[in-house]
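J.: Below, the features straight out of TrEMBL:
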{"type": "ACT_SITE", "residues": "H260", "note": "active site, proton acceptor"}
{"type": "BINDING", "residues": "Y30, Y135, R170, H260, R263", "note": "glyoxylate binding site"}
{"type": "BINDING", "residues": "83-85, S112, Q133, T161, K236, S258, 291-295, 314-315", "note": "FMN binding site"}
{"type": "DOMAIN", "residues": "4-365", "note": "domain 'FMN hydroxy acid dehydrogenase'"}
Amino acid sequence: MTSGKMENITNVMEYEAIAREKLPKMVYDYYVSGAEDQWTLHENRSAFSRILFRPRILIDVSNIDTTTTILGFKISMPIMVAPTAMHKMAHPEGELATARATSAAGTIMTLSSWSTCSVEEVASTGPGTRFFQLYVLKDRNVVQQLVRRAEKAGFKAIAVTVDTPRLGRREADIKNRFALPSNLTLKNFEGLDIGTIDRTNDSGLATYAAHQVDRSLNWKDLKWLQTITKLPILVKGVLTAEDASLAVQAGVAGIIVSNHGARQLDYVPATIMALEEVVKAVQGRVPVFLDSGVRRGTDVFKALALGASGVFIGRPVVFALAADGEAGVRKVLQMLHDEFELTMALSGCRSLKEITRAHIMTPWDNPRVACRM
């Protein structure tokens, strides 16, 4: 890939086409696809386009502050890196490159349980605030070990994925008989006999998940997790007010409104559509975050206007990593930061606390707007 093409990138989406050229079909399809009809995959993006701005004018915006504090950690912007699996399929440096780029951007990286670099390797890249995403496996000893290792490696929170008792049906992975390339392993499970995702007649990952992930996971297990770690626990995969209330009652430190990048249950709403319901149920008791579908600084502003404390980005990181390694991830985070800062300025907001619900209009605010849209 010519460096000229990289220098010419002006938005996050453009990395996807470069990643498509560079990656083996099986790998690209794994990263890009959603579940079944992929209705939610497209809706995650199109829902953002139905929310419009109500910018305020003649406000002194000569100084814009994008910084925020998440669970007590000060970060440069409310844009963080979501957990995505197996970064070494995208680039030889894998999660190490992602970790360095995220640290350089002054924000938080969430490392996937299914990473191709271990928690210790990621910690060794240097300082940085990092969270660990946890799949609760059938073998609770392994879960306990993993959590302890993450804690020891200096990770600051555990994000428990709660929308995956079974893996969603991703048809491209079934067609491609997806398997982890033979030179790679799930590093966090190395030596535990559960580190390989083999080629089967189905998606190798679906087969792997079926054997390892605990389908019986329930609220009691969340309580158990709190007994084995002092780290704050976030639940990732909440889409309803009912579950948001239960999560707060269960003592979680935060909620991530997520539909797993539209890879689990198809025909769930876009996360930006589910966000306000969750925020209202939580009533400010814990921070609420959003992932799935964020590609623009305008998306970030819309999420914050609807009550999110921050957003996480997944696919843009993986595609930028595939296209240009650490520099690509750095650039994605920089572009989103710059777009978000510009959106704030043009909306008349100088700090995150000045972003309000009145800065946007949604189809459900005003029937006439909904008709025109």
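Cβ from N, Cα, C; glycine included.
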J.: Taking only the recorded positions Y30, R170, H260, R263, which one has a CA atom nearest to the CA atom of Q133 (FMN binding site)?
T.: H260
J.: Which of the recorded positions K236, H260, R315 has its Cα closest in space to the Cα of R170 (glyoxylate binding site)?
T.: H260
J.: Just counting, how many other CB atoms are there within 10 A of the CB of R295 (FMN binding site)?
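T.: By my count, 20.
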J.: Show which residues of the chain containing A85 (FMN binding site), separated from it by at least 6 in sequence, have their CB under 8 Å from its CB.
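T.: When sequence neighbours closer than 6 are ignored, A85 (FMN binding site) has S112, W114, S115 within Cβ distance under 8 Å.
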J.: For glyoxylate, with binders Y30, Y135, R170, H260, R263, what's the maximum Cα separation in whole Å?
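T.: The span, Cα to Cα at its widest, is 19 Å.
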J.: How many Å lie between the Cα of Y30 (glyoxylate binding site) and the Cα of G293 (FMN binding site)?
T.: 16
J.: Hey, how far is Y135 (glyoxylate binding site) from K236 (FMN binding site), Cα to Cα, in Å?
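T.: Given the Cα positions, Y135 (glyoxylate binding site) is 10 Å from K236 (FMN binding site).
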J.: Distance check, please: Cα of P83 (FMN binding site) against Cα of R263 (glyoxylate binding site), rounded to an integer number of angstrom.
T.: 13
J.: Which entry in the list of binding-site residues, P83, G293, has its Cβ near the fewest other Cβ atoms, using 10 Å as the limit?
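T.: Each of the binding-site residues P83, G293 was scored by Cβ atoms within 10 Å; lowest is P83.
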J.: Just how many other Cβ atoms lie inside 10 Å of the Cβ on D291 (FMN binding site)?
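T.: For D291 (FMN binding site), the count of other Cβ atoms within 10 Å is 27.
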J.: To the nearest Å, how far is the Cα of D291 (FMN binding site) from the Cα of R263 (glyoxylate binding site)?
T.: 12
J.: Give me the non-local Cβ neighbours of R263 (glyoxylate binding site): same chain, 6+ apart in sequence, Cβ-Cβ under 8 Å, ordered along the sequence.
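T.: For R263 (glyoxylate binding site), the qualifying residues are S33, G34, A35, G168, R170.
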